[in-house]
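Presented below is the structure to which this report refers.
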C-alpha cells in the first residue's frame, strides 16, 4: 500500500501547487484521492501516449499492480463498522447506443466497484444530467446536489465518469460549544473578518518546525484511523496570506517529514480553530494539462481505445466539487499510532491559535493516504 500512498500524496502536492498558481490567496479544498481514483479508472481504458501521460502525472508508473492496489485501498476505506462515515463511490454513465468493451466494464466493476449505467445522452441529455446529479447527491448525503450544471453534457456526450467521496467524523476530543466565541481572523497583514472561533485545551500530537516558523497539530477523529493535520505559520510575514514560505517548500518529502507521527510529540495544546464550511468547484482540465495530462482532453490525440476499441473518445472535462463542514463535534466533508503517555508535569504546554490562514488535510492513517487537502484563507 505504501507505493500507492506515496504516488497519491505526490499527486496531491502537485495538484495543490497547480491550484495555488491559479489562485495564490483563495480557499482551496479538494479530495486528491477521489481525483486519483477517477483518473485511475480512465487510465484502465487509455493506451499509448495518453496512458503514458496519465501514468507519469499521477505517478502510477511507480506502483506495481496499480488497479488491484486501488481495489484494496477502496476496501480498506469503505470498511463497515468504522466509527466514522467514509464512502468512496464510483460510477460510469455511458451513451446507451455506444459500444464499450466488455473487458473495460468488467475491470472498472471489479477494481473500482463502478457499474455502467446506460443513459440516453443522444436524445435526452438533460434527463441524463439530472440522473447523474441525483446519484451524486445521494452518495454525498445531499452535500453536493449539482455536480453537473446545465449544459455540461449534451447529445455528443458518450461517457461521464463520476467519483464521489463523503466523510463525516467526530473528533476524538470535541470542542465545547460554549467555548466558541466571535473572534477576528486575519486574512493578511491588514484585513480581518469575524469567525466563530472554537477552543479547547487537551493533549494532542504537535510539532514546531524551526526553519519554517510553523506549528503542526494533529486532531484525531474517533477511532484514530483518521486525523486532520494543520500547518499554521507563526504569523503573517509575507505580503500575502502568510503561507508563501510553506507553499514554496511544499514537496512530498517535506510534507511527510513535517507531519509523520514519529516527528510529533504529545503536548498539552491550547487550540483555537475557526468553525468553517467550504464548498469549492473545479474544472481540473487545465490544471491536469499543466501537470502533463494533455492528449486525454484533445479530440484528435486522445487514445481511449481500451474503452471502446475505436479512437473516437476523449475526455471533455474533469469536474471536481468538494464540501467540508468543520465544527465543534467534528467534520463533515464530501467531494465527493499509539501515543506515549508522559507524566503530566513534564508535558509542555503549547499555543495553537489559527486566527490566520493555514493548510489542512485529512489523512487515512493506516494507509497514509490524503483524503482531503485544503487551504483556509478566508471565511
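These residue numbers are counts, starting from 1, taken along the chain as shown.
The backbone N, Cα and C atoms fix where each Cβ goes, glycine too.
Annotated N-acetylmethionine per Swiss-Prot: 1, in sequence order, evidence recorded as similarity to another entry.
Secondary structure from DSSP puts residue 137 (N6-acetyllysine) in a helix. Other C-beta atoms found within 10 angstroms of the C-beta of residue 137 (N6-acetyllysine) number 16, with every protein chain shown included. Per Swiss-Prot, N6-acetyllysine is recorded for 137 (among others).
Other Cβ atoms within 10 Å of the Cβ of residue 177 (N6-acetyllysine), summed over all protein chains shown, number 12. Here Swiss-Prot flags 177 (among others) as N6-acetyllysine.
Positions annotated as region 'CARD-binding motif (CBM)' by Swiss-Prot: 351-379. For the region 'CARD-binding motif (CBM)' (351-379), same-chain residues at least 6 beyond its ends with a Cβ under 8 Å from one of its own Cβ atoms are 1-2, 4-5, 8-9, 12, 16, 20, 25-33, 73, 76-77, 86, 165, 167, 183-187, 193-195, 197, 206, 215, 217, 224-233, 235-236, 241-243, 246-247, 259, 261, 269-274, 276, 278, 322, 324, 331, 333, 335, 337.
Secondary structure from DSSP puts residue 177 (N6-acetyllysine) in a helix. Per-residue pLDDT, averaged along the region 'CARD-binding motif (CBM)' (351-379), amounts to 94 for this model.
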